[in-house]
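Asks: Attaching a single structure in structure tokens format; questions to follow.
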Amino acid sequence: MTIPNPADAVLRPAVGVLALQGDVREHLAALTAAGARATTVRRPEELAAVDGLVIPGGESTTISKLAVAFGLMEPLRDRVRAGLPVYGSCAGMIMLADGILDPRSGQETVGGIDMVVRRNAFGRQNESFEAEIALAGIEGGPVHGVFIRAPWVESVGAGAEVLASYEGHPVAVRQGPLLATAFHPELTGDTRVHRLFTDMVALAAGAPDVAGEAAGAGR
Amino acid sequence: MSTTPPSTSDATTGTAAETGTARVKRGMAEQLKGGVIMDVVTPEQAKIAEDAGAVAVMALERVPADIRKDGGVARMSDPDMIEGIIEAVSIPVMAKSRIGHFVEAQILQALGVDYIDESEVLTPADEVNHSDKFAFTTPFVCGATNLGEALRRIAEGAAMIRSKGEAGTGNVVEAVRHMRQIRGEIARLRGYDRNELYAAAKELRAPYELVAEVAALGKLPVVLFSAGGVATPADAALMRQLGAEGVFVGSGIFKSGDPAKRAAAIVKATTFYDDPKVIADASRALGEAMVGINCDDLPDSQRYADRGW
């Protein structure tokens, strides 16, 4: 799952995908296409080795419980506090939120983005939908947003910047090195969001602008 | 639950939304990967499953082991029971319709279930036709014993496939057989050139386009889970090592001595399926597993995997 050329290691940032559950493979493919060295992360020592992390789509209750059960929750919080770039899609957005409006008992988040999210806000699977989303910091037209039992952002604090909204509800948010979308760019073949994130990781790691886009766009 | 219908356009931030697309249906299953879907018959069981880390629950009136014991015609579950489970948990809720009983499927869609399992565990309603799954907004998962069967279901609109195994036996042997069959047939297709794919499609009794897609991808175009006979953490990890992207556990959890503990253990073993130390720890002190059935002792009429074609 890692790009095998060792010469790339100095140029390409190592981006992990939290692989406890969810659409891990799609994120690995999108990150690789965006120029990152993509690896899976299931253990604290694997987390310690990456320059950036993606928390994938999946079931947020399951991912949260497994992160606690396998001793990953505190290391995740420590690294986020220390400035690790993290991108979360759907369940990953929930994991990055400081608050959940209606959490299941015992559901913890990593936190880091000053926002409160509402789980399954757009409805159940029958209401899951696709729509074009204009995303600040992404050039070349709107991104195709795939919303699956998706959350939306109920409220954001002063530190967080809303990058996109749908029907009045924020669905993409950034706070410093943390990025979150309620939708799933990894299901579309459009890698612009992953390029934006890979650039954020490269910038934080002090490496060159690997994806060739404006590093730190939207900041 | 507060919802905003996403069917209207938003002039400032987006265009009209589309629901029920193949991408949304298949994408839903992608979110379940690496997870465990558990059969439950009450809201209390659904909560135990959710607390244990299940990615979804399958709401049904009787687990397959009891369907075997009780006999008679097995049908879609009571709508009140399904609604009770939908209200009890926040994870996705699936429910079963009989093969070919598209009205049961219409009812399940109207109830708002997140996935419909057109299942051989229930008594088939049509011995010739499966339901047209493109006619629904709700996605479908279907069982398969081999690649041709999987592709025929996908051609009918299934957005997720599970190997059938033999439900309600607590015996993983049929699940292994079907997963090996499907994965083996996919591996063989990889070696074929374009000329050979036409004959392969004929032999598989599946549309050429799907056969060519599988040959190019090296996997099904939809998520593949395993089902039917998983009873222990080791069983779940075995199915994942054989290529399943996740597992359905039916009778194995709530027919065991300590369901909450066993459910959490199977979830852990499914995530760390390639780490024997984690699986060993998860396998400790689980209490009694369900009593299994030797599949060779089943009369033909009791072989659910033979239902569907």
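Each residue, glycine too, has its Cβ placed from N, Cα and C.
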Asks: For the D-ribose 5-phosphate site that TrEMBL assigns to B:Asp39, B:Gly229, B:Gly250, B:Ser251, which of B:Gly100, B:Gly168, B:Gly184, B:Gly308 is also named?
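Replies: D-ribose 5-phosphate site check in TrEMBL: besides B:Asp39, B:Gly229, B:Gly250, B:Ser251, the record includes B:Gly168 out of B:Gly100, B:Gly168, B:Gly184, B:Gly308.
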Asks: Where does B:Lys96 (active site, schiff-base intermediate with D-ribose 5-phosphate) sit in DSSP terms: helix, strand, or coil?
Replies: strand
Asks: In whole Å, note down how far the CA of B:Lys96 (active site, schiff-base intermediate with D-ribose 5-phosphate) lies from the CA of B:Gly250 (D-ribose 5-phosphate binding site).
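Replies: So the alpha carbons of B:Gly250 (D-ribose 5-phosphate binding site) and B:Lys96 (active site, schiff-base intermediate with D-ribose 5-phosphate) sit roughly 12 Å from each other.
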Asks: What's the CA to CA span in angstrom from B:Lys96 (active site, schiff-base intermediate with D-ribose 5-phosphate) over to B:Asp39 (D-ribose 5-phosphate binding site)?
Replies: 10
Asks: Of the residues named as D-ribose 5-phosphate binders, B:Asp39, B:Gly168, B:Gly229, B:Gly250, B:Ser251, how far apart in Å are the Cα atoms of the most distant pair?
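Replies: Taking every pair among B:Asp39, B:Gly168, B:Gly229, B:Gly250, B:Ser251, the longest Cα gap is 12 Å.
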Asks: Name the one residue among B:Asp39, B:Gly168, B:Gly229, B:Ser251 whose Cα is closest in three-dimensional space to that of B:Arg180 (D-glyceraldehyde 3-phosphate binding site); these are the binding-site residues.
Replies: B:Gly229
Asks: What other residues of the same chain, not counting B:Asp39, B:Gly168, B:Gly229, B:Gly250, B:Ser251, have a CB atom within 8 A of the CB centroid of the D-ribose 5-phosphate site?
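Replies: What remains near the Cβ centre is B:Val63, B:Pro64, B:Ala65, B:Ala167, B:Thr169, B:Gly170, B:Gly228, B:Val230, B:Val249, B:Gly252, B:Lys255.
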